[in-house]
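Peer 1: Supplied in structure tokens, the structure appears directly below.
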Amino acid sequence: MGSLFRSEEMVLCQLFLPSEAVYSCLSELGELGLVQFRDLNPDMNVYQRKFVSDVRRCHEMGRKLMYLRKEINKDGIPVMDTGENPEAPQPRGMIDLEAILEELENDLREVNNNAEDLKHIFLELTELKHILKKTEVIFNEVNQQMGIAVASQTADPSWEDEQVTLLGKEGLRTGGRVRSLGFVAGVILREKVPKFETMLWRVCRGNVFLRLAEIETPLEDPLTRNPVHKSIFIIFFQGDQLKTRIHKICEGFRATLYPCPETPSQRREMAMKVTTRIEDLNTILGKTQKRRHRVLVAATKNIKNWFIKVIKMKAIYHTMNSFNFDVTQKCLIAECWVPLHDIKIIQSALHRGIKRRGSYVSHILNKINTSEDPPTYNRTNKFTSGFQNLVDAYGIASYREINPTPFTIISFPFLFAVMFGDLGHGCLMVLFAAFLVLREKSLAAKKTDNEVWNIFFAGRYIILLMGLFSMYTGFIYNDIFSKSINLFGSYWHINYNQSTVMVNKCLQLNPSLSSNYDQVPYPVGLDPVWQLALNKIVFLNAYKMKISIIIGVLHMLSGVCLSLYNYIYFKDRLSIYCDFIPQVIFLTFLFLYMVLLMFIKWISYGPQNDFPHSPACAPSILITFINMVLFKEADELKNCNTIYMFAGQGAVQKILVIVALLCVPIMLLAKPICIMRQQKDKYAQLANVHATTENGDAGAGRVVQQPSPSAGGHDENEIGELFIHQGIHTIEFVLGSISHTASYLRLWALSLAHARKSYIVISYLYHSLFIVPQFKKYFQKLF
């Protein structure tokens, strides 16, 4: 049987590969993806293995590629992806690839370092330019505040240089003495200004004069390339002691200090030089950026292929580290699990690998008999891979067990559709999934790193089936955006006159009267008249709740029945009698019986039936099931002479509960006890054989060893573990049957929540758009 319904049959093989062709052979096998190698050096650490240096080389190339991709993403250059899947290069090609990546990294690092140095210089010159510009304004403001006049109208240029406020020869006159003030100019981050100002005031005790001016345009940080906001400060002080303190405070706050000339003419001259250097730096930075862009654009053409090659090379060398050398050191020995039906394909791949290297020594592939459990391998395609991943997320089946994926392809979308039954919403899901399916080649080639998008794309066929099933259940519910569609008309009729209808807000129709109801089931789904009924929620709740329980019980029974195929395949007759049959009886006698009661109630208690099968005398299924388990008689309903749905129901229910409860100890103890008896019988037979041998060889003086109790394969510890395992399995099944049955009520609860939320949303839109005449006509025609 193929791997669609059961995992592939695997065999353990031993490979003898010539040393010069191992790399090529592994490259061919890796493209197939059908081989799982075993580690033959489990006691050897990573650094003691033969090809650890090659793995490091691949790791270093991967680091360089990550650096290149990081720089490409910084510049926002789109990466070309042709969808190619190149093979792993040969060892000689690995040397060429190393040289290419080394050259690209060195060029890029050199360009980045140069650009970073130039940007640092550009930043310093820009800040100095702003300082020279702002100091003129600050000096003028200070001069005006100190009452010193600036003789700007004098024609003597030497007088202009001597007329330096607070500085130079004129200085500040206080009490007949001349005091010369010094100053420090620099730039600091804007968010540090309050703390910086506070620290200056406290350390210098208010003996400094601080002036601030903000730089309007944000500056670019050379390291992070983020815009930063800075402020210019000028600190006036007197004395070398204060100067030393100010320098330490600026260093602590990482403020940058710049030399500022004392005279206006020197400041103007410096500003002209700074402007010239900034223009030159802009030209050099432009050329540097163009060179960096050319290097990155050249790298983007092949970076995807380089990544694939490096990953494959690293995987090959990592696999080769799990091999052993033979005695001659000319051949490598490997052990691997391979699918039995693909051995010929693997043989062909090995021949191609040896032929590529031009080796004259052929490979040897031998099958090995082993008692180890083989790995589980299920062959998938683009349609079944999503469902297989969904199943594997909950647990991987054991070797050669039934694969539940084919059944999940139907059951999972259907259970979702029971909760999400809406024809309109399902149609939206189908359109979205159809877009992903039709454009899957172009979308797969983009290979985005967005995790949410990758999840949606990987499950595109799951979403497609969920949408289709939602459309089906929405059609059954007669629900499209929480509204009903009148396809087959209504089987209900209003027989009230116009005055009665206009006066009464609520009117009740009697389903037992043929004048109100045609007594014929609706063709498909629900009658659209329920959209207008006030008891719509009550009716749908009862309907969907019972449907959820029915689906849940049938789903659990189908899962238990699948285990029968495993027991038959593995020829485990003991599990059939001790596990499968009691489990089926337990589920059938309790929960399937409850499902049968639902159908009996639907059939027997209809509006057309008279006493005692009228709807008013219909007993509650939940109360009936609880009384059944508690061996309690149900209370009679008012004006009803019976509490049972059929004759002999009380006796039948007691028998069903007793038999179901007797299945619990059978599931718990039968299998371990039977295994213990089998082991005792084997031990007794083995003891008889030894006794016969001892009697026959007593005259020869032979010493015959007595068999041990564990000779049969199970000792006391294994028997104890078997009892514990069987107890856990029994408790899980019994409690799980009850809890899972209740859990299936989520189908009803989520369906109710979805319907109500959709109704609220569509009602809001309906009332919002109803004021527009065009929308009013459209809604009236549609619904």
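Placement of Cβ uses the backbone N, Cα and C atoms for every residue, glycine included.
Residues or ranges marked as coiled coil by TrEMBL: 94-121. According to TrEMBL, the transmembrane segment annotation covers 414-438, 458-477, 547-568, 580-600, 651-670.
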Peer 1: Going along the chain, which residues at least six beyond the ends of the coiled coil (94-121) come within the CB cut-off of under 8 Å?
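Peer 2: Contacts with the coiled coil (94-121): 57, 61, 64-65, 67-68, 71, 220, 222-223, 281, 284-285, 288-289, 291-292, 295-296, 298-299, 306, 309-310, 313.
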Peer 1: Taking residues 6+ outside the transmembrane segment (414-438), which of them lie with a CB under 8 Å of any CB in it?
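Peer 2: Result: 456-457, 460-461, 463-464, 466-477, 479-482, 485, 544, 547-548, 551, 555, 746-747, 750-751, 754-755, 758.
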Peer 1: Could you tell me the mean pLDDT over the coiled coil (94-121), as a whole number?
Peer 2: 90
